[in-house]
Structures are given as structure tokens and as C-alpha cells.
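The following features are taken from TrEMBL:
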- 1-27: signal peptide (SIGNAL)
- 73-153: domain 'Cadherin' (DOMAIN)
- 154-262: domain 'Cadherin' (DOMAIN)
- 263-377: domain 'Cadherin' (DOMAIN)
- 378-482: domain 'Cadherin' (DOMAIN)
- 482-599: domain 'Cadherin' (DOMAIN)
- 599-628: transmembrane segment (TRANSMEM)
Amino acid sequence: MKLGKVEFCHFLQILALFLCLAGMNQAELTRSRSKPYFQSGRTRTKRSWVWNQFFVLEEYMGTDPLYVGKLHSDVDKGDGSIKYILSGEGASSIFIIDENTGDIHATKRLDREEQAYYTLRAQALDRLTNKPVEPESEFVIKIQDINDNEPKFLDGPYTAGVPEMSPVGTSVVQVTATDADDPTYGNSARVVYSILQGQPYFSVEPKTGVIKTALPNMDREAKDQYLLVIQAKDMVGQNGGLSGTTSVTVTLTDVNDNPPRFPRRSYQYNVPESLPVASVVARIKAADADVGPNAEMEYKIVDGDGLGVFKISVDKDTQEGIITIQKELDFEAKTSYTLRIEAANMHVDPRFLSLGPFSDMTTVKIIVEDVDEPPVFTSHLYSMVVSEAAKVGTIIGTVAAHDPDASNSPVRYSIDRNTDLERYFNIDANSGVITTAKSLDRETNAVHNITVLAMESQNPAQIGRGYVAITILDINDNAPEFAMEYETTVCENAQPGQVIQKISAIDKDDPPNGHQFYFSLTAEAANNHNFTLQDNKDNTATVLTKRNGFRRQEQSVFYLPIFIVDSGSPSLSSTNTLTIRVCDCDADGIAQTCNAEAYILPAGLSTGALIAILACVLTLLVLVLLIVTMRRRKKEPLIFDEERDIRENIVRYDDEGGGEEDTEAFDMAALRNLNIMRDTKTRRDVTPEIQFLSRPTFKSIPDNVIFREFIWERLKEADVDPCAPPYDSLQTYAFEGNGSVAESLSSLDSISSNSDQNYDYLSDWGPRFKRLADMYGTGPDCLYS
């Protein structure tokens, strides 16, 4: 009859217990045959108890304490005078001893994997005196192992890889299981390995746990991953042994065992002839079942009539062959191209050369499509020259362009005015002849770069561009002049023949052989007694004094006209005036002061004193202006109002209305009252003899129909306006009616004979009102006087 796992464990426990009881005679204390003996001065009792190790079975499942062994001393007569005590590891907590009999019991379940043995000390004492009757001795209780731990894979689950197409027996990975049981006792810790899942592709070594391939030619492209289940069983794999499992994921790594193959033997693509250089024409790809470096390919054009027109490169990410244009396409020159393209693996494995050539060929045909192209100039850049003396309408040169299409449409020319803003040039629309439209000046612009546009007459949207560089040839049209503004001085103590200035000239023209200038004094200055000029023949001249005794009091400034002639054909000349100042110089000839007015200043009055006086005068003027301004501001107004000032003032009232139902906040009748009451104004500075005649007071009249309709219409608009605010608001309208009961308030009509107002009193108000009295008075001479 087969024993179950639990029954087998119980059987082993009973067997171990029987063996322990059978050997108790070796563990008990035995009486020594030796007698005590005396030795000079003291008595020594020979040790009278010995024993071997105690053994206790682990994982005891009983309810009563487990008997371990018995301690007994030959001193013990059995009369209860001796008691036994136990100390050391686990004493009293795990192991207890009967102090009368010396029996040792285990009170707790023991686990060898937690602690394999316990070291204790035993001693026999006299019960009355509590003194030891035997020396203390040490013994060991060893825990006897049972198979209570299954093997465990501490590093699982495992992942591993092996190249595809590996031969049988190729090592993949080694797995290791650990059993916590005692490896020195029985077979509890002896493990064997077996494969539960993963056959027939893989196998495992029973003793070492090494996993190996079991089938040849495993193809990654067919299946790239396998899941294995490995079992480890103790008791050497026998029935009743404990087991543990782990999983191993094995991935087949790629090798280059698949050559590239084009899906099609030929391809055809259509491209327009206007496609720019370096544009992509097509992408082709050879299929390769491998991955990574094993699928890397290179493409090349091996044959065809487009070797110099197209090129092919590889996209590193997609491994596609990219066909691009190297030269411009021209439908009129060639309508199609045929290319033979080869794709080959970059990394070939010699072990798999037998699987076939690792390259493939395909044919690509490229059809060039005709497009309407813009006109093309015969030259990309035209260089032309023209003299700056050329008259308007002079022919400079000719450009030519043609339509490259088969239709050969006529071409019309024009100048891009963005490149000729001043409109110096014109071009004949039909012939392309460029002429001058304005006078040219080389000194302003030596080279003109213009763009000529050529457009098809049938399709003006097709525009070609040509570039023209027009160089302006120089003529001698600029007279020479001083190279700079000279500041020439002559010392009062200068000697005759002394050099006071060296001059040079410039000319805006650019003769081919360079400039050559000639200097001389003008005819009027040739006979002066003060200065002379010497031409140095190197485009410079020297000014020298002819006398001494220059004095600033007599003449502080001299003007010397110098005549300069260039070497052009025809030559041009100019007269330039050199200003020479007479200065007071020190001993080294360095000018100190050249101001002639310094001699006419009063003695003892320096320039600083003059500046101080001028500052005082300006300060007084500013003070006077401030006083006048403040007095004007302090003048009181001429007209006063008893209740309010005539000036415009803003009076703020922080009163809030009561809404639409509040009829007492203000008088609604005031909105309809057109009467304007004016109070009499009186002057402060003049007490008039004749008082102001007030305007007649108008009686209240009925509501004006125009204003009532206007306000009513605006009220309805505000009620229906969705953007109006949801609270009471003031609506202000600038509306003027057809007329007023007060009639015109303008003073322009006051001069008419129909006016009933008498203004004669204005003449009594003084001279300030004379002008008004003349305009509005009734006298015969008051008008237009």
C-alpha cells in the first residue's frame, strides 16, 4: 500500500523515536566503578557521569512534551536528596528537566532549519544544602532532520537566449534549486531536475540543471520564443520527495539566414521634368525576414542609361533604397530612363551561404513627364559695359531667351524694376535690346545689376529670369579739389620762404593710368607779396611765405586762391581757396592764439568777467518776466455772478436716483421746458449808469412735438437694446430742434434795424468797450468805422 506524504512523515518520526529509545542506555548516567580516594590535604572525587549526544526529531506534532533523554548521577540513591538543574540554550523555554528523576523533555516544536543543535549545561545539587554534588557538565541536543523543505529556485524565473539554427546540445542556461534540508543526512537535500514543458525543443541535465537545445534548425522566423517549465525534486526524485518549479523564457536570437528579395521584378515611376535636383524620385525595398544588423542592406545601380542622372542611397531606419535626381531632367532631351538596381546584405554569415546568394536584382523604369517650363536665357549672367557719357537711348547690349517646350512660344522681355528703382535702363519687349533711359554717373553707381524677366506670350505665368551686370565706363567729368579742409596758420614771426602748408588734391574720376595734378596760383594771386606756391610734381604742392612781419592787428586772415588741373582728356580744373590765419606762436613755432579781437578788449576786463556780466543781465530779465506774469494772474475777473462764477466749473453730486418709479428726485417738466432764464450780470470795475435790459421772459409753451417724438423714439430703442445695461442709465443726445422760442442767440443779427435792443449804453463803459459800441450803436457813423 502506498503511503501518502503525511503518513510517510509520521512513519519517519516514529522510526526515529524508536531508535532514540533503543539507545538510551548510552545516554543515561552510569555509576562509576571507581571509589573516592584521598590525596594529601584534600579529597577529590572522580567524575562519575558521562553521556553521548541527545537526538531530537524536528517538527514533532504531538500534544505531550517530547522525551529527549535522562540525566542520572551515581550519587543519587533514589531518596530524593538530589535534584537536577538545566541551563544553557533553550533551558526552561524549550527544554525542561524533572529535578527529581533527571528526565529531559522538549516543550516546543523544533525546526532544524532554524537551529540545528542546542548546547546545555547540567548539574546535580544537594537538595538540602543546594550545593553541587557533581561538577557541572556540558552536553549537546542535536535536532534530527526530516524532509520538510521543498527545493526552491532562488534566481527564477529565468530568461535566456540562444541563436536560431543552433545544433542539438547547445547550452542555453543553467538553473539551480536550493533545498534547506540537511544535505548530510539522508536524501532530503539531494535534488534532480526534469523538464515539464518545452519538449521536444529543449532538455535539461538531471544533476546539473543545464538546459540545452534538443532539436536542430529551430527557425526564429517561424517561432522566436519558448516558455519552459523546469522541476527540481528532492529525495533523488523518488516518490514522496518534495518538488519546486520555475519558468524559463528562451528567445531565439537572429542570424543572417535569409537573403534579401525584391517583391517585384520591375518598377515604374513617373516624374515631372521640373523636379528639382536632389529630389526623391522613388523608394524601393527588398524584403528580408531577418532583423537588426542581419537585415542591413546596401543598394547600388549596376546598369542602365541613368547612371549619371540618378543615384540611390539607403535609409538606415527603414532599409529602403532612395532614388534621387543628380541632374536636371529635360523631357525634350530624354523621356525615360531604365535602371538595374541590386540589393545585398552588408553582413553575410558564411555558415548559411548554402541558402543562396544574399543579394537580389530589380529593374526600375522612370518616365519623364512634360511640363510647361518658363523661358530659359542663353546665358545665366550677361556682362555689358557702357560709357557714363552715353546719351539716352544708347544701345548697351542684347539678351535672348527661348521657350524650351515643344510649343516654342514667343517670349516677351521686361526689367524687374525692383532691381532698377531709378529706371536707368529700358528693354525692348520683343528683341531684348537694353538701352539707356537716363544719364549715367559712374561716380554715383559704377555697376548696375539688373534682372531681366522673360515670359511666354501664351502663358504669362511662366517667367524666366536672366541677370545682367552693366559696368559704367569712366570719363573725365569731375574737376580736382582739395583732399581735405585745411586749417592753415602763419606765425607773426614767420620768415620768408617758410613752409606753412602742404596740400594735395582728389578727383572722383578713375582714369586708367591714375591721377596727375598740377598746382599753381591764380593770375590774380600770382603777384601777391605774402605767399607763393611750389608744385612738388607728386600730386602735392607746398605753400611758402614770401615775407616776414605778419601782424594780426593789420590783417588776421589771408585768402589764397589755388588753381588745380588734372591730366584727363579733356583736362578739368578748379580754383580752391586756402584760408590762412595769422597767429601768435611760441618759440617752437606752435600757434598759441589766432584771435585778433583779443587786442581790442579793454585792459583789465577778461573774458570771464564779460560772461559774468552777461549772466547777471539774463538773471534780471528772467526776474522781471516772472513778476509781470504773476501780476497778470492776480487780476480779478471783470464780471461776477452772485451765485456762481462765470468760468466753467465741474460740480459733482454723489446722489443716486430712485429708479424709474422715483418721480420726486427731479422735475420731469424740466426736460420739456425750453425757457432759459438768465440773470443779470454786473461788472465789478464799472458801475453802469444804465442797467442791463434783460431779455423778455418767454411764457411756458406746450411740449415741443419734435423733442417729444425724438425722446420717445430713443426710449423705445433703449428698451429693446440687448446691450443696454440692466440698471437705470442716463442717455445723452445732441439734438437740435427746428427752432427755439428764444429765436437765434447769435449776435450776428443784432446789427439789423429790426433789433429792439438798445446798446447805446456801451459807449459809457469806457474805452475798452468802444469797439462794441461802434459795432452795435445806433449812431450813423458807428457801422464800418
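Even glycines carry a Cβ here, placed using N, Cα and C.
Note that TrEMBL annotation is computational and uncurated.
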DSSP-derived helix, strand and coil totals, residue by residue, for the domain 'Cadherin' (482-599): 4 helix, 53 strand, 61 coil
Based on DSSP, tally up the residues of the domain 'Cadherin' (73-153) by helix, strand and coil. 0 helix, 35 strand, 46 coil
Using DSSP three-state counts, the residues of the domain 'Cadherin' (154-262) come to 3 helix, 45 strand, 61 coil
